[in-house]
């Protein structure tokens, strides 16, 4: 009986311990967002929280954009040795810079999905304007290239295009670095303590670059080389949608969220949506058409199409202008022409009992040597072959 009493005392202790473990685990699960693991840092909650679906959706769309951009870059690298056309090979460096900037936009989206800290805020403030400036600088260089191609048929060199894109993007890099230094180092403020208006004002150069490129792109439609105008249309569409996206996110970020009293909750999603949408506009309306145009085989514009009746005929010159024919042939040719004209005026000829014959079959029944036959026979007029049917009609 003593042993049984000890067992009865130990069972309630084990049960109490199990209840404590279960209750502790349930409290931990209640504090962990639905869809996330127990060991996930709170900073990355929005990447997997099923209650905040916007983070998961933007993460998936941005990830698809990253894969698409990498695929386009891989296609250009694989097809690079087979691109022989100078006009298509010169902008490849600029295209890689544009794809790199677009890839950066998709990657920066994740910095606006996770929760902010000092490093994340510094990355946001610096890379936002620099990446957009790089993309719009490449679009401006593309507009310059297409304008030259449409009007003159020649493209600037690859070093010039890449140099223009990098040089214009460096201006925004200097502006962003100066903003960070003045606010963090000099004023000794936190990287995350900035106003939305300050964030927008730091992108004024990007706005100017975008608007200027939009106006400059219309000149790509003025020129005589029409095959490059399709690229100009894609450039105009890309910039048009980019302007709309920037107007939308700035209106919502500066005024809309404050009016709806959701500035703290909707600021990061607004900027993340702007990044993803801009990246996909760049990919769909500019990157994919340019890559497709680059890898296509070149078409020779000067190759005449002999089945096209709209093209002008070649200049018909007399054969004797280029080749000096013998005098005997020239006299015989003049005689045959006079005889033929006389036959046409008399509307035929008479030959004994055969009566009148029409003049139409006259030239078909008389053997007339061609110029090439005269040249091949050394200048002498060849006689008609015995098998020629016209001899039996005389």
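Using N, Cα and C of the backbone, Cβ positions are placed for all residues, glycine too.
A TrEMBL annotation is a machine prediction, not a hand-curated record.
Within the listed segments 92-114, 299-321, TrEMBL records transmembrane segment for the stretch 92-114. Mean pLDDT across the domain 'G-protein coupled receptors family 3 profile' (96-151) comes to 94 in this model. Same-chain residues lying 6 or more positions outside the transmembrane segment (202-221) and placing a CB less than 8 Å from one of its CB atoms are 125, 128-129, 132-133, 136-137, 139-140, 143-144, 146-147, 150, 168, 171-172, 175-176, 179, 228-229, 231-233, 235-236, 239-240, 242-243, 246. Tertiary proximity for the transmembrane segment (53-80) is limited to same-chain residues at least six positions away from its ends with a CB under 8 Å from its CB atoms, namely 35, 46-47, 92, 95-96, 99-100, 102-103, 105-107, 109-110, 113, 269, 272-273, 275-276, 279-280, 283, 287-288, 291, 294-295.
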